[in-house]
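Here's what Swiss-Prot has on this protein:
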type	residues	note
COMPBIAS	62-71	compositional bias 'Low complexity'
COMPBIAS	78-95	compositional bias 'Low complexity'
COMPBIAS	96-105	compositional bias 'Pro residues'
COMPBIAS	170-190	compositional bias 'Low complexity'
COMPBIAS	465-479	compositional bias 'Basic and acidic residues'
MOD_RES	S98	phosphoserine
MOD_RES	S117	phosphoserine
MOD_RES	S337	phosphoserine
MOD_RES	S338	phosphoserine
MOD_RES	S396	phosphoserine
MOD_RES	S402	phosphoserine
MOD_RES	S457	phosphoserine
MOD_RES	S1060	phosphoserine
REGION	1-60	region 'Transcriptional activation (acidic)'
REGION	39-193	region 'Disordered'
REGION	373-394	region 'Leucine-zipper'
REGION	421-479	region 'Disordered'
TRANSMEM	488-508	transmembrane segment
TRANSMEM	548-568	transmembrane segment
Amino acid sequence: MDEPPFSEAALEQALGEPCDLDAALLTDIEDMLQLINNQDSDFPGLFDPPYAGSGAGGTDPASPDTSSPGSLSPPPATLSSSLEAFLSGPQAAPSPLSPPQPAPTPLKMYPSMPAFSPGPGIKEESVPLSILQTPTPQPLPGALLPQSFPAPAPPQFSSTPVLGYPSPPGGFSTGSPPGNTQQPLPGLPLASPPGVPPVSLHTQVQSVVPQQLLTVTAAPTAAPVTTTVTSQIQQVPVLLQPHFIKADSLLLTAMKTDGATVKAAGLSPLVSGTTVQTGPLPTLVSGGTILATVPLVVDAEKLPINRLAAGSKAPASAQSRGEKRTAHNAIEKRYRSSINDKIIELKDLVVGTEAKLNKSAVLRKAIDYIRFLQHSNQKLKQENLSLRTAVHKSKSLKDLVSACGSGGNTDVLMEGVKTEVEDTLTPPPSDAGSPFQSSPLSLGSRGSGSGGSGSDSEPDSPVFEDSKAKPEQRPSLHSRGMLDRSRLALCTLVFLCLSCNPLASLLGARGLPSPSDTTSVYHSPGRNVLGTESRDGPGWAQWLLPPVVWLLNGLLVLVSLVLLFVYGEPVTRPHSGPAVYFWRHRKQADLDLARGDFAQAAQQLWLALRALGRPLPTSHLDLACSLLWNLIRHLLQRLWVGRWLAGRAGGLQQDCALRVDASASARDAALVYHKLHQLHTMGKHTGGHLTATNLALSALNLAECAGDAVSVATLAEIYVAAALRVKTSLPRALHFLTRFFLSSARQACLAQSGSVPPAMQWLCHPVGHRFFVDGDWSVLSTPWESLYSLAGNPVDPLAQVTQLFREHLLERALNCVTQPNPSPGSADGDKEFSDALGYLQLLNSCSDAAGAPAYSFSISSSMATTTGVDPVAKWWASLTAVVIHWLRRDEEAAERLCPLVEHLPRVLQESERPLPRAALHSFKAARALLGCAKAESGPASLTICEKASGYLQDSLATTPASSSIDKAVQLFLCDLLLVVRTSLWRQQQPPAPAPAAQGTSSRPQASALELRGFQRDLSSLRRLAQSFRPAMRRVFLHEATARLMAGASPTRTHQLLDRSLRRRAGPGGKGGAVAELEPRPTRREHAEALLLASCYLPPGFLSAPGQRVGMLAEAARTLEKLGDRRLLHDCQQMLMRLGGGTTVTSS
């Protein structure tokens, strides 16, 4: 089989393929290639004399000198010395060569005969030597070096086989015709001189697993002699062509037939136990062809190629090979350790130190992160490029910030940037007629019609990937909308056209005949005669002109309304650039609201409105224009014209998707306006009353235009916020608009859902409506901290108004009990307790629908959908209801509410004010004496009363300038404690009736402990009456009771009771002052005074004998109307006692 030419390219190609050799084998191959390439310096004087011949020719193989027989086995010394001399000769200078000729056909290679029997473990390899012949001697130029060799004693070749190796038939030729020279193979670095047939040495190694044959360029280098062949051969220059064989072992052989020695360099492996048999080399010379077999030892392990060294340095070479492998292993270990450390460091940078990933996953994550950084860097470069281009346009800093901050103009700006960048970075064509070619510096290719890259292999520039990948995100022309100044200017123009009516003037001026038409003048040489006026004027124009003018005016108004409401409204399509900016700022506003950063939340909401194409006014002119436009728009929407046109915002075509997007855009803008209005009302957003009014009207108009996209609760809340703004910002003369907006909210709820949201049901109640419209209250910027209700959402003003209304209900209920209507003939006198229970029931419903403390700060949520329970207000309502039920002697209803009052809410427990604890202990004392569980009567109830009295005194001492509701609660608790102590004293009275003949001294007095406690509570009541005048009525009654308990003089007691029995008014102008200093007693106080006077005063203080029974009967009738069954029961018991002793008294 023909062998390919031997070159370095073939070697590199073979080395590039996968193999089982390790890095040491590749290193040795590179070292050997370096030795081969540097053959000039390694073997100086190879072709110097005395080996150089005449230079023109050599010994002809066909001459008689070369055909004489001779011995084939010269002495070994001669052969060895001849080979050394041949290898040490210098290289001759190259001579000009002729052009190359066609390559000769080499002779076939035949295996050797099996006469040689190698030992075990040794394989036999045949090395046939074939002489390549060519007809004409034409060497290659620059590739072959002519050599000349000396002609020693010519040995004779024998045609008979040597050493039992028969000559294969027709296989070898040993000579060439006279005068012919041989041409070496092209590509060989070393060639025979002209006239000398080159001999190629073919080595074939058989192995168990066939490997790829590696061939390298051979240099005349030889290892120490391992095999010596003694033969008597002819002096024939032999082309040494050793072959590197990639197999289980590697062999490099070189032979030279110079009549002296033949050297075979075998590269033995470093593996211990590898032996090479050094015996006589079986050689067959037949017709000038040398066939040699070399026994080799093939090892199954990997065998590195050793450096060529002398035979005497074999131990040192083996030692260096071991040191080299050790060093190589250390290098590999350091290399792998460095790789592992860098991979671990890369993992820590990309995914963190806690993650557990393999090397492949770490590299994959790193690649993804690098791509993300590249994409981010590209976006930043694009933004930087856009900013630089905007700066080059000589824009001011304000315009630049506004252009970059507005989401709607970002894409338009980038389009202009892209065009300018392409024009800047793309050089012009060389001439006008040449086609446009994309420059390598250009960011995008315009040569392609599709806008892609100029070539198929080059991708588009990543600067404009976003604009190419998402072309649908560019905002359309109608989505930008009109500014409020433009809207107001258009409205002003329409108003001027309708008021001045320029169309009528214009058409009327054209319709009237001109003077040249009415009067004609005839010129003649003599006289000028005036023509007569034409009386046949166009009468039809007078009737047709007004309808045409009004038709044109109506068309102008219609076109203006369409421009304002249909094509002037900004519509933000989903997944567009402005929509992305809007939701980004809105989500950030939600986060800022949750953190309590209200100023930053207001800034984010402002940017969100800019993204929607609805920027807030920044100057006074813009604010005035925006406010006037919103007023005009609200009036038009009340006429249903504006609302019908706004429902078709974006276009008059029947596009359902566009209408849905327009409604959603209006809803989002309305919610943002509403939240900004709430922040402004709570003092979290800067601006005056005009700014707040503008925000309220904008939210209301857009919410009405959104239609079904806005929930009923949200729409009602926006109406209530507008009513709140009217009451807060507008003068009192315009407060009637509050009723209008509240009515609109109620109608909106009832028309769509049929029910009012729970958080706004109190607005539909007459009491709540009256409180909202006529109440004297104001919204504070800080949450209202109170003991009687919890604060709601701090950014919702309606939650604060609801909290104020709950406290108002509690105060009204307390006033019904402690200070009812003083008019004796009032129709409401018998409804004091029922009115109080009605207020408390409304308070409970408001407490159940109040905003929970864990409110939601989302812009889309509202108090209308977020409900909770106010436990504090509910506890106070339950306490007041329990006391009222005890006074009405409705013990079953009181017991149902007692479990709610027994446990004080956590907020009141953590409070430092003693008033809640005083209320709790007062309830416990009243329950022990007035309730069903009367087992704790006596000393235990007195102990509870003492605790309650102590907390009440602390409350009066710590809060001298308390609010009206605090004073009402303190009066309620103080009166309750005095009633409990009075009931305890009455229970200790004997059951016998009080005869009229007995004096007060005969009645049992209260103990010192009871009197001391009663005086303590009475002093608290006097202290409260100094700042709260309605408490003075109770002071007179309880002071008379204290004198009765102590058995004091009845004269002073009668005077105190007389203040409650007689209703005196001041004379004339002093009546108001007297009424202010001494409040008129209520009907309950009058009945209580009658009961005390008839029961405990001596008979001498009564005017008639039957007056006691009459007083008791009158007191019973009054208490029955009031519904105080407790005192009514005591009065009836006294009447029964007096009925048995009437005869004694009258007699």
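From the backbone N, Cα and C atoms, a Cβ is placed for every residue, glycine too.
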For S1060 (phosphoserine), the number of other Cβ atoms found within 10 Å of its own Cβ: 24
Separation of alpha carbons, S1060 (phosphoserine) and S337 (phosphoserine) (Å): 104
Mean per-residue pLDDT computed across the region 'Leucine-zipper' (373-394): 84
Number of Cβ atoms other than its own within 10 Å, given for S337 (phosphoserine): 10
Assigned element (helix, strand, coil) containing S338 (phosphoserine), judged by DSSP: helix
Coarse DSSP state, helix versus strand versus coil, of S1060 (phosphoserine): helix
Nearest-integer angstrom distance between the alpha carbons (Cα) of S1060 (phosphoserine) and S338 (phosphoserine): 104
Neighbour count (Cβ, 10 Å) for S338 (phosphoserine): 10
